[in-house]
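Straight from TrEMBL, the features:
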- His303: active site (ACT_SITE)
- His348: active site (ACT_SITE)
- Asn304, Glu333, Asp335, Glu382: Ca(2+) 3 binding site (BINDING)
- Ile641, Asp643, Asn667: Ca(2+) 4 binding site (BINDING)
- 450-459: compositional bias 'Acidic residues' (COMPBIAS)
- 16-123: domain 'PH' (DOMAIN)
- 598-727: domain 'C2' (DOMAIN)
- 450-474: region 'Disordered' (REGION)
Amino acid sequence: NESNSTGLEGDPDLQFLLDGGKLIKIRSSSWQKSRFYKLEEDCKTLWHESHKIFKRNQTFSIDDIDSVRKGRQSEGFLKHTDPSVEDRCFSIIFKGRKRNLDLMANQGHEAKQWVSGLEKIINNMHNLSRQQKSEHWIFNCMRKADKNEDNKMTLKELKHFLRQINVEVDETYAADLFKKCDKSNSGTLEGSEIKHFYDLLTHREEIDVIYGKYAQTEGQMSARDLLNFLLNEQREQVSMQDALKLIEKYELDGTAKEKKHMTKDGFLMYMHQEEGSILNPKHKHVYQDMSQPLNHYFISSSHNTYLMEDQLRGPSSTEAYIKALMKSCRCVELDCWDGPNGEPVIYHGYTLTSKVLFRDVIKAVKDYAFKTSDYPVILSLENHCSVDQQKLMAHHMIAILGDALLTKPLGDTLPGNFPSPEELKGKFLIKGKRLNKLDAIFNNNSTVDEDTVSEEDEAAESKEGEQKTKSKKSKIKLARELSDIVIYCKSVHFNGFEHAKDNQAFYEMSSFKESKAFSLAQNSATAYIHHNMDKLSRIYPAGSRTDSSNYNPVPMWNVGCQIVALNFQTPSKEMHLNQGRFLQNGLCGYILKPGFLRSFSSQFDPSTLTKGPWLQKKTCHIMVITAQQLPKINKDKHKSIVDPLVRVEIYGVPADNASKETHYIENNGFNPMWNENFQFDIQVPELAMLRFVVEDYDSTSQNDLIGQYCLPLTSVQNGYRHVPLLTKRGDIISSAGLFVHLMLIDAE
């Protein structure tokens, strides 16, 4: 029984999962069937019976689970079950596109135990260090390759195993490796021989060299040796105390630990943890000043949040809101239309996308808005509803969001500026039309109950021009109740920067279609930057992007636009950049803009780069050394192997944009070594992003993406660093990584 490796042995929840039990799987109101589910002995796989002809037994890996939700928290449950079974229900949400699993236990306490057991196992897997994960991975693969399950491996099984882990070896090499390990000459490997084989396989030449250079004490690293490494190679500002802490934390060998030494295994362990990662661990938490006005931050923002796929036929879903909010998105969009039975719905107007109730979306948003970040969430309303349904929208928001909904300005006097993210923690702000200025709140003057306002261009134009029949500026009647809860984000039409300066209050904000925004950024950058110093701007993708593709957000951030809305549902380079931009500051969805995008004296223009505080010229030296355990992309091709190459990209002001790539290495995704040096000259580091892309080279077609990672240049640690790799969707590939050497130095 391998459950011991989980560190949960003897745990009643774990035992409950290992014993398993019957659960009702719910697909629709009529498809609700009882199935047996249990955790397999490896504690990494869930098995369930299946009644499909070809798939009698089905399994999925615990690693594929994104989260487990207790209660009727999925669309399926809400549609197909009665509220009375609330406590018996739970959902398993998967990473990527796999559909949710809605399950119902016989009793409430059983559902509770399933959820707490699964959560324990999931958290436990997350906590296993990357080093242990790769061990997991190796032994897991060995088991898969051991065809006759006798815990011994023949040469044939060994070769199958090597292919599983992405290494093609020629006959002689495979035989040599086998002989070297088969001490007992039995024609099979077992126990310690497999361990020896594993050691040969996980051997890291480059780590040997680095360790060897600094291990000056009885063949090991003393604390002083480790400190020398940290100061000379990693360029860290650390003391003897820090070196001792690392030994205490990562050394595996008891004798070495007593001597305050670090062995090579301990060193490798340290190199794989956050201290050895490319991302500065200090930036993993909220470390920026969060008390500046709201418009001084970049805000992680989603466009057409309700869509799961494309803009013409895809499903609309509350699930899409949950996914975006759980990725710390802080501005979501609600496209509101009149629905049946007087209930407003959300969908992509004039298209075949499915509809979802406005009320259900607000409930989902309330439940998930502050799970990953406490900072405020902006609900951007695109309102196409009749006055009656608008009143209902306001009613739902007030009733469901309660105190969390901001319904009046903070303080007792008319504000002259935005409150800070800190002051707005846990609050929802509504972005939409308002009938009057905020002054009205303080002047006690009640305007007419409802009035006609001109519909914002955005709502009218951005929907693929389906409604060409309507007049260009259709008018819409606005309900007083809805108007009154728009406080700091009042939508107004943009009539030029001069007009905005003279006529717009700070809380009056415009939305710009990408083409308009790019043109302003190109031709009036400094004016745009100044506009964004006291107002908010929202950018959204062109209506012609019916495939939900994205535009490059970087030029928009370069001119200080805060709400750069992207299609979160589309895995794309643009979303990788967004994920990288918001990776730091505790993944809270708010990043403080550089000083030169906040200071009124600034004359910054990203294209011309005149002298100023933004110019902090740096030279960035990057050596791409090796990669580890790159996954196979084409799993179907039985003999598929990987020919990896690495591309290093810089995104920032136009002068800093650059891209360089290594040669490709044939037939080795397991431990390819490049040792290639690149140099980048950086003018404006505070706006620069660094992105690593690993691709599988293909001479006949486009290269396939293996993994990628993006982070702000200001969050990079110098020295020898491991770079985690993420899938196209942005999920971590647990056992894969890049190993690089970086040096970011002030240019002469």
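Each residue, glycine too, has its Cβ placed from N, Cα and C.
Each residue contributes its Cα atom, and for Asp643 (Ca(2+) 4 binding site) and Asp335 (Ca(2+) 3 binding site) these two points are 45 Å apart. Using DSSP to sort the residues of the domain 'PH' (16-123) gives these counts of helix, strand and coil: 35 helix, 40 strand, 33 coil.
In terms of Cα spacing, the recorded positions His303, Glu333, Asn667 all stay beyond 10 Å of His348 (active site).
Here the C-alpha separation of Ile641 (Ca(2+) 4 binding site) and His303 (active site) works out to 38 Å.
Confidence over the domain 'PH' (16-123), given as mean pLDDT on the 0 to 100 scale, stands at 90. Here Asn667 (Ca(2+) 4 binding site) is positioned 49 angstrom away from Asp335 (Ca(2+) 3 binding site), judged by their C-alpha atoms. Counting only residues at least six positions away in the same chain, the Cβ atoms of Glu333, Tyr540, Pro541, Ala565, Leu566, Asn567, Phe568 sit under 8 Å from the Cβ of His303 (active site). When Cβ neighbours within 10 Å are tallied across all protein chains shown, the highest count among the binding-site residues Asn304, Asn667 belongs to Asn304. Of all the binding-site residues listed here (Asp335, Glu382, Asp643), it is Asp643 whose C-beta has the fewest other C-beta atoms within 10 angstroms.
A distance of 52 Å separates the Cα atom of Asn667 (Ca(2+) 4 binding site) from that of Glu382 (Ca(2+) 3 binding site).
Each of His303, Thr305, Tyr306, Leu334, Ile346, His348, Ser380 belongs to the same chain as Asn304, Glu333, Asp335, Glu382, is absent from that list, and has a C-beta within 8 angstroms of the C-beta centroid marking the Ca(2+) 3 site.
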